[in-house]
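Database features, via Swiss-Prot:
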TRANSMEM  3-23  transmembrane segment
TRANSMEM  25-45  transmembrane segment
TRANSMEM  59-79  transmembrane segment
TRANSMEM  95-115  transmembrane segment
TRANSMEM  148-168  transmembrane segment
TRANSMEM  177-196  transmembrane segment
TRANSMEM  201-223  transmembrane segment
TRANSMEM  236-256  transmembrane segment
TRANSMEM  273-293  transmembrane segment
TRANSMEM  322-342  transmembrane segment
Amino acid sequence: MNPYILSIMLISLGLGTTLTFASSNWLLAWMGLEINTLAIIPLMANNHHPRAVEAATKYFITQAAAAALLLFSSLINAWQSGQWMIQDMSMPMSALMTIAIAIKLGVAPVHFWLPEVMQGIKLNTGLILATWQKLAPLALLYQISNNLMPELMIALGLMSTIVGGWGGLNQTQIRKIMAYSSIAHLGWIISIMHFMPSLAIINLIMYIIMTTTMFMIFNTLNSTTINALAINWSKFPALSAITMLALLSLGGLPPLSGFLPKWLILQELTNQNLALTATVMALSALLSLYFYLRLSYSLTTTIMPNTYQHMLNWNIKTKITFILPTMMIMTIAMLPISPSIISMF
């Protein structure tokens, strides 16, 4: 892609999200979401491959349907209340708005587009889709968190954690695994949004850090399938060992960073007399942990048979090397500073 066009698309992505963040009006928020959608579609179709074009088409149709539902619900709410303010939402329209935002996020049971779209695009674009594109819809949910239906949020969260874990079990494509991982993590964020929005923000920040780290690692290793991971131990032994810890952190194992948000969410759900919900979500996290362990096993304990012994490639010549160690440290070792993180919110 032409660098000037790429710059325009990236600036538009930032502009759309910023507009949604700063808006207190549903029309401006809707405009920001649409700018986001239109800006990422050329990045998706940049690959000039039928799968990339198919992914961009699926994404456009899904996001257009969600945007129409969001605009319809905000219009009905404005007709009933007489104003377009985001914070003033009546209960029926709040549920309809939640469903529209869930479609944009890829939350179960309206998640079917996300794995297919993720599989058809490059890892760099997949990183944007899995992290940056979640910010604007979640910002809207944060603003209407007091008017959300707790039963609907718990149902969406439970379904997402279960579907995210169950759907990733039989996958061999890393991009699809990361898509189901995204669905599962969004389930945790959605389930706590009504009860403690600040905790949802902490979970979102940790999710973005861990997911960014994993996409950067897979891009460095140039691996898109589980089988491709098996040859990386002989090429990048140090990176492979640290990647295993990052995967386990993504699964929420203590004492790694990913344990912090899950622990706090389970504690808050229990305080809200939702012990059964917390138990089901904790058990569904074991499903996700299985495919993280599967990736770790392929990466660190299997070596593809070959007759030629590769020289150990300890120096990774890549442009993102200076960013990757910082992201890895944050992914693995943020639990000791968790009291400081909690006090910030």
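Just so you know, glycine gets a Cβ as well, placed from its N, Cα and C.
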Touch test for the transmembrane segment (273-293) and the transmembrane segment (25-45), at least 3 Cβ pairs under 8 Å
no
Distal contacts, the transmembrane segment (148-168) - CB-CB under 8 A, six or more residues away:
91, 94-95, 98, 102, 107-109, 111, 115, 141, 176-177, 180-195, 274, 277, 280-281, 284-288, 290-291
Flag the pair the transmembrane segment (201-223) / the transmembrane segment (322-342) as in contact if three or more Cβ pairs fall under 8 Å (sequence separation 6 or more).
yes
Lying 6 or more residues past either end of the transmembrane segment (95-115) yet within Cβ distance under 8 Å of it, the residues of that chain are 33, 58-59, 62-63, 65-67, 69-70, 72-74, 76-77, 89, 134, 137-138, 140-141, 144, 148-149, 152-153, 156, 159-160, 162-164, 167, 176, 179-180, 182-183, 186-187, 190
Can you say which of 59-79, 236-256, 322-342 has the most Cβ pairs under 8 Å with the transmembrane segment (25-45)?
59-79
